[in-house]
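Enquirer: Annotations for this protein, taken from TrEMBL, read as follows:
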| type | residues | note |
| --- | --- | --- |
| TRANSMEM | B:35-57 | transmembrane segment |
| TRANSMEM | B:77-99 | transmembrane segment |
| TRANSMEM | B:120-146 | transmembrane segment |
| TRANSMEM | B:152-176 | transmembrane segment |
| TRANSMEM | B:188-211 | transmembrane segment |
| TRANSMEM | B:250-271 | transmembrane segment |
| TRANSMEM | B:320-341 | transmembrane segment |
| TRANSMEM | B:353-375 | transmembrane segment |
| TRANSMEM | B:401-420 | transmembrane segment |
| TRANSMEM | B:426-448 | transmembrane segment |
| TRANSMEM | B:460-478 | transmembrane segment |
| TRANSMEM | B:484-508 | transmembrane segment |
Amino acid sequence: MPTSALALSGLTKSFERPVVRGVDLTIRPGEFYALLGPNGAGKTTILRMVAGLLRPDAGSITVLGVDALADPVAAKRRMAWVSDEPMVYDRLTPLEYLDFVAGLWQVEPVRAKASAHELIDWLDLAPHANELCGGFSKGMLQKVALAGALVHDPDLIILDEPLTGLDAGSARQVKDVLRQRTASGVTVIMTTHILEVAERMAERIGVIADGRLIAEGTLAQLRARIGRETTLEEIFLDLVAQGQSSAEDAA
Amino acid sequence: MSFAPASLPWLAAHEFRLAWRDTLAMMTGGRRVRLVGWVVGGALVYGLMAVIAWFAIRPWVEAGVVLDKETLVLISGTGLLFWTVTLSQALEAVTRVYYGRSDLDLILSSPTSSDRLFAVRAGAVFVSTAALGALLISPLVLALAIQDGPRWLSAFLVLAALAALSVAIAMAITRLLFRVVGPRRTRLIAQIIAGIVGAGFVIGIQAAAILTHGGFSRMDILQSDAVIAGAPDVTSLLWLPARAALGDPVPALVMVVLALSIFAATVALIAPSYGSLAISTAGLDRVGSRRRASTRTFSPTTQRQALRRKEWKLLMRDPWLVSQTLMQLLYLVPPALLLWINYGSGAGDGMFIVIVPVLVMACGQLAGGLAWLAISGEDAHDLVATAPLTPSTILRAKIEAVLSVIAAVLAPLLLLLAIASSPMAAITAVCAFVAASASTAIQLWFRVTAKRSMFRRRQVASRAATLSEAFSSILWAATGALWAAGSILAIGPAVLALGVLGLARLIAPRKP
């Protein structure tokens, strides 16, 4: 059993300018970890590197004991990626989509079918299971994408702004599903701008600013760090301001 | 110069500014230096067209242009060919006026008159159709004007009249389709009509030439005794456009006035319904039809099978893409007809020199379109990229999906060909496979991350890929033709085709 679900070491990525600067991060198995940061801080780039969608310039990524850069296929077999733009085909039905995903992850057909129907019921998609996804709302598409991420029972779920554009009901369903998965030992790493979600759901929170992990810990630890009993919003704004001023000083 | 806000000229200036910036961005891709390449390249191509036109018409002009039935039939037939292409383009463009969203929602939600917007956009379609046509025929017309007199310049007036008439007919067809089949199907049917109109006359006249003369030449049928004898007398009003094109000022003026009046009347009649019809097309991209639950879902499959099945399913369920892609197959009708009528007649190997390259070319082009859809047009790119399979497995599955469709399309024709001549069927199979593989390889090298809905704009995204694909298909078709003729010269175009492939590989952007 690996000691970490995800371990990043010295992760670095530049496009026209440095976007991620030597990030070190370790997430325990079964942990719900929220990654916060202002727009353009590098959160999505980090997650895309973990998911195998971008190759880092330097550093290492270890997923459940597997070196994700040396053996990306083995790492991908254990994880799922959900972005804010649902990755769904307009002209497939939810059931056909889940069948396709199960085929890609080589899930045993009987197990895949049972899991797909269970997820469809759980996410209230049953009445639309045989309709083409092209007519779905953003919330329904996001639920189909989430079902796709869960149909192969991943051990690590990476979510980039999964609640963007969802109504309260759909957001609740997604949160319930994620909570249930973490309770059963699945690790979740998620970026979000909805601080209330991070505050309520995450065991630990990491704050990224200007490509660096500037703070990390439980809500209580972060409060202690700024020395005030206040909301996560205040803590976040304080930490980001500190991070930015120290980055300017360093420059 | 400033115009009153929301007036016709104000809207026209807005449209012109957007169109100009769009064109500039497409040509330069954000780098001004590319514009120089376009200007120099464009001037070279235009110069080449002018030289060809100059020498092509010289013998005709030197012999003296006589206004007899033969000339009138030839000019009218050629004009009709050109006009069908213009009509096809206009239909496509008018459909976009209703369905293209961009700033439509903004303008329609403002108090600006939608009638005026329609008038401006219809005018823009007319101007672009006429301008493109003028650019294409200008080398020929200018060569005629210099060698035989300025009266030939009236051909531009005829062209303007034909463009106005095309746009008017396109608007009327689109409006009729809205009424008959509704907004959901109008775009698809209009585009199918556009494809059939564009290819239909060419194919029809070729089919007539094959059936009557056993050959492919359109000019043969236009100059045949039967057509000349059956054509009306030289004084007939039917020759009005041809006379106008030949420099007769009165028919030219009559045509322009008549066509512009029809255009203006059509705009006035259709404009009041534009706002509501354009609104009715909103949100139609969302497909919402219910499917019967498949019994084949969740059956044992390999990763490659899953990918192939997904590609085929998506292709089958997108009638617009199917129509756009399979439209190219219309061009296979004449060679199939030629094969059919010559079967058992001992027509000799001559017909194969025509059939083999057409089949090879069609396969190359079809493979290019399908390969773009499978390789670049991936709507869930992140999903496939995060799946536990190597990039090479993904690509192999997608290439298999493309080549199997080509094989399915080609197989019946190859079978027909094999009955007539098995060596020719083998030559076609080899060249078609190589052409299809080459087009697929080019799409692979120039792959981008795009949505399937970008299919129409794929040629704009990479002109290098489009040109390489076209040259490669043409050269493999030439290889097939020369090989079918038993000529050792077949090696020439084959080597050139390999050169094109090598060049494409060299200039293709490196993947990280």
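Glycine residues also receive a Cβ, built from the backbone N, Cα and C atoms like all the rest.
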Enquirer: Taking 3+ C-beta pairs under 8 angstroms (sequence gap of 6 or more) as contact, is the transmembrane segment (B:460-478) in contact with the transmembrane segment (B:353-375)?
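Expert: Taking Cβ pairs at least 6 residues apart, the transmembrane segment (B:353-375) and the transmembrane segment (B:460-478) are in contact, with 3 or more under 8 Å.
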Enquirer: Which of B:77-99, B:120-146, B:484-508 shares the most C-beta pairs under 8 angstroms with the transmembrane segment (B:35-57)?
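Expert: Answer is B:120-146, with the largest number of Cβ pairs below 8 Å.
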Enquirer: Between B:120-146, B:426-448, B:484-508, who has the most Cβ pairs under 8 Å to the transmembrane segment (B:77-99)?
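Expert: Stretch with maximum Cβ contacts: B:120-146.
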Enquirer: Which residues, given as numbers and ranges, are at least 6 beyond the ends of the transmembrane segment (B:484-508) yet have a Cβ under 8 Å from it?
Expert: 349, 352-353, 356-357, 424, 427-428, 438, 441-442, 445-446, 464-465, 468, 471-472, 475-476, 478
Enquirer: List, by number or range, the same-chain residues at least 6 past the transmembrane segment (B:120-146) whose CB is under 8 A from its CB atoms?
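Expert: For the transmembrane segment (B:120-146), the nonlocal Cβ contacts are 8, 11-12, 15-16, 19, 46, 49-50, 52-54, 56-57, 61, 82, 86, 89-90, 93-94, 97, 152-153, 155-156, 159-160, 162-164, 166-167, 170-171, 263, 267, 271.
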